[in-house]
Each structure stands twice: as structure tokens, then as C-alpha cells.
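Right, one structure below, let's go through it.
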Amino acid sequence: MWENKFQKEGLTFDDVLLVPAKSEVLPRDVSVKTKLTETLQLNIPIISAGMDTVTEAKMAIAIAREGGLGIIHKNMSVEEQAEQVDRVKRSESGVITNPFFLTPDRQVFDAEHLMGKYRISGVPIVDEDQKLVGILTNRDLRFIEDYSTLIDDVMTKENLVTAPVGTTLKEAEEILQKHKIEKLPLVDESGTLKGLITIKDIEKVIEFPNSAKDSQGRLIVGAAVGVSADTDVRVAALVEAGVDVIVIDTAHGHSKGVLEKVKAIREQYPDLTIIAGNVATAEATRDLIEAGANVVKVGIGPGSICTTRIVAGIGVPQITAVYDCANEARKHGVPIIADGGIKYSGDIVKALAAGGHAVMLGSLLAGVSESPGEREIFQGRQFKVYRGMGSLGAMEKGSKDRYFQENNQKLVPEGIEGRIPYKGPLHDTIHQLVGGIRAGMGYCGTKTIDELRENTQFIRITGAGLRESHPHDVQITKEAPNYTL
């Protein structure tokens, strides 16, 4: 150990470039799909970080519609996090198999509350045997002033249009158009409510053809958990809400508590997709895989708001960390996620080529309108608040267990709080990032991300090479949408 105290040199994104290769591939022809598990496939290799200024339900919905995956952060109560997951799963669906419903003896107030909370325009009404007896929509409530009125007095009861279980979206669309309605309840032979198809869901399928969805046609979503006292309860609530993947998210994934928690969750939920991290070595990757992780998340200290490497003196430069972990993970057929340090779309290409199956982004997404960070004005420009989960504010709110700390009065932060420029809708940012990925794959002559990972080579560059890579000897007069200094 002592003789090998100083290991190899560590490299990060600015230390390397990919070598261009002979190519018969155009950027528009490449596939940016990536497979994390048999049941979890992304249409773009981008995951939004489980940070309290990056991902809540609004972001998770938006990025899933783009083809990626959002991880709901854990700085909230168990009930609130489960509700956020439920909101994503209910945001759109080919067929809603467990629609909300009310009974005729409930009040209009209850319907208004339910419809407002989940932003839905109507709700089926069933009797005590779950048989459909009516439907209540915004039109029925438009002129109601007394919210204590019973639903039975205002709902539509006559000439209900329904369809049998098994009706396809195409068939449902024809029925909806024919009868000029927006909601189509699905019932069995006895009239029991079994599902719901809405015109909005059909429109969303057309509007967002690249959406990442589960086997039931619902958007996919993940959620972060730690190794705190409420982890078991939190995981149970998230699974009940329909979460697609659990991220066991800690600053040091190669610790006894994390390994034991991964093993315990795997034993409790054999079919649950588990992403575990963060790690930066091959040994840590192997131990997490053996404990039961389906996917390993790599990155200790590379994030723009992370100070772990400065405060604790710990870390491995990200390109080296990704490569080392991927070298081990490929022996087990397990994918890895490169988490942190990515500033440009070119860094995503490098992370994937170094061994990543997907990347997790924080700062590149925190400035979009769908992120939960507060918007503020500074020196005449719009910004959004962005902070590390190791910052004082985030740790005081609930993420201190991620850094294995307990005392709120004596926290030692490993992150900072700041602001980043406001970027507008997520779609515009994703368009630029995916466009950069496609361009990089075209230069390398690789049609798929698997080929990018297997058939590319890096070249190390000097400081002069890095300066040459950026715009130089010119004053930028118009900011590009995908490049800032």
C-alpha cells in the first residue's frame, strides 16, 4: 500500500478529446437510445439529477417527454415525494388503468379539490360496487356556486359513452371524435369502471413521440433515497406510487451502510430497478453490483456546486473515474451513469465514450423553466437558484444523511449555493445537448451509443490544446445557445 501511495494520473473532460474517425454516419441518422435495464430504456441518454433545485414532478414530466428520466429529490416528506411520483405517472397514459373516481354522495367541493390538485378536467363517478353511474367534468361545474351541492345533482348521468376493456387508442380516438367528448371510461361486461382514455393523452402521444414510457404507456420516473431511518418507509411508499427506479444516492457509495441498504432493498424488492452510488473506483463498482445494484452511478466531487474535493481532499477526475468503473461494470453486464462535471454537450459525448450508458445533469438543467429553483433578477438578467445537495441550505432541509452527518447545529458542508442564467423551456436545452451528441457520434462514425462506447479513442491534450479548442483571438458579440464561457 505504502509503495503504491501515488497511483496513476487522473484525467477529466478538459484533458482529452475524441479522435475523429472515418464515418459513413450522418448526425441525423444516429440512435441516441440507451438501455439501462431490460425494463428501463431511455430515448436520450440524459437523466436529471435528484437535487432540490433541479428535479421535481414538473421537470420529471418534461424530461420524460423528451425521452430522458427525472429523479425526484428526497428533500421532502415521504408522502410528498410519493405524491410527486404519482403526479408524473398520472400526467399522461395511453390507458389510465386506475383512474381517480368519486361517488355520487360526495360534494362538488371534493371534485374541485381533486381536479385542481391533479390538473384534470373531469372524473368518473361510481357507486359502491365500482359500477360507472356518471361522469363529472368542468362543464358540469361551470356555474355551480354552492360547493356543498352533491355530485349526484350535477353530474352527467344520461347517454354515457363508454368502451370495453381492450379498446385501442386508435379506436378510442374515433369514439371521442364521433361523440365530441374528451373522456372515455372503459368498463367490463358488468359496467364496472376499469380504466379511462382521454383525448389529452392521445394528443400527448402525437405531440411527444419520443417520450420515455413504461409498459403501460405512462411516463417513467425515478426517486432518490438515502440511508436514513425513514429509507424503508420511503422506498415502500415510492414503490406503491409506481416509481420505475430507486436511486440510493449518497456522497460515498462504497460505505458499509450503503452496501447493506442496497442488499436489503434488493432482498425486499427483487424486481425493483436500483441505481446506487456515488463511487469512483472499480472496487466500489464491483461491491455495489454484488450487493444488488442494477446500475452504478459514478462521480465524487466533479459537480460545479460540489466542494468535496476541496473540503475533504477526496475524488477521482471524472473521465478516469468513469473509465475505471465502466471497466469493472462491463464484466458484470451492468451499465454506469456518469454524474457530474459536464459543462457542454461535448462532455456528454466524452462521458459516453469513456464507458457511460447515460449522464446525470444538474447545472445544465437547473436554469430551465421546469426546474424547481426560484427565479431571480441580478444585474438586469434572469437567473435561477442552484445549490448542491451538500450545501448548508440543502443539508438543513434534509440531505445531510447523504454526507453521513446528523447534527444540524454543526454541519460541515460539501457544496455551495449559487445562481445560474435562466434558459427558458427544457426542450430548447435538450435540443442543443442531443444535437451535440449526434454531431459527436457522426464525427466518430458510430451509429449507436454502444458503438460510441466500444469503437472510439481518446487523445490527451495540453493546456495549449484546450485553449485552442475554445473560441480564441476574437471577441464574442452574440452568445450561442450551446456555448458560454
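For all residues, glycine too, the Cβ spot is worked out from N, Cα and C.
Model, not experiment: these values are computed from the prediction.
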Which of Ser304, Ser369, Ser371 shares the IMP site with Asp339, Gly340, Gly341, Gly362, Ser363, Tyr386, Arg387, Gly388, Met389, Gly390, Glu414 in Swiss-Prot? The record says Ser304
Neighbours of His470 (K(+) binding site) among binding-site residues Gly299, Gly301, Gly340, Gly362, Tyr386, Gly390 (C-alpha cutoff 10 angstroms), in sequence order, are none
The correct three-state DSSP answer for Asp249 (NAD(+) binding site) is strand
Reduced to three DSSP states, the domain 'CBS 2' (155-215) has 20 helix, 16 strand, 25 coil
Excluding Asp249, Gly299, Ile300, Gly301 themselves, the NAD(+) site's Cβ centre has within 8 Å the residues Ala251, Gly277, Asn278, Val279, Ala280, Lys297, Val298, Pro302, Gly303, Cys306, Thr308, Gly315, Asp339, Gly340
If you measure between the CA atoms of Tyr386 (IMP binding site) and Asp249 (NAD(+) binding site) and round to the nearest Å, you get 18
Cβ atoms other than its own within 10 Å of the Cβ of Cys306 (K(+) binding site), all chains, total 24
Sequence-ordered binding-site residues within 10 Å (Cα) of Gly388 (IMP binding site), taken from Asp249, Ile300, Ser469, are none
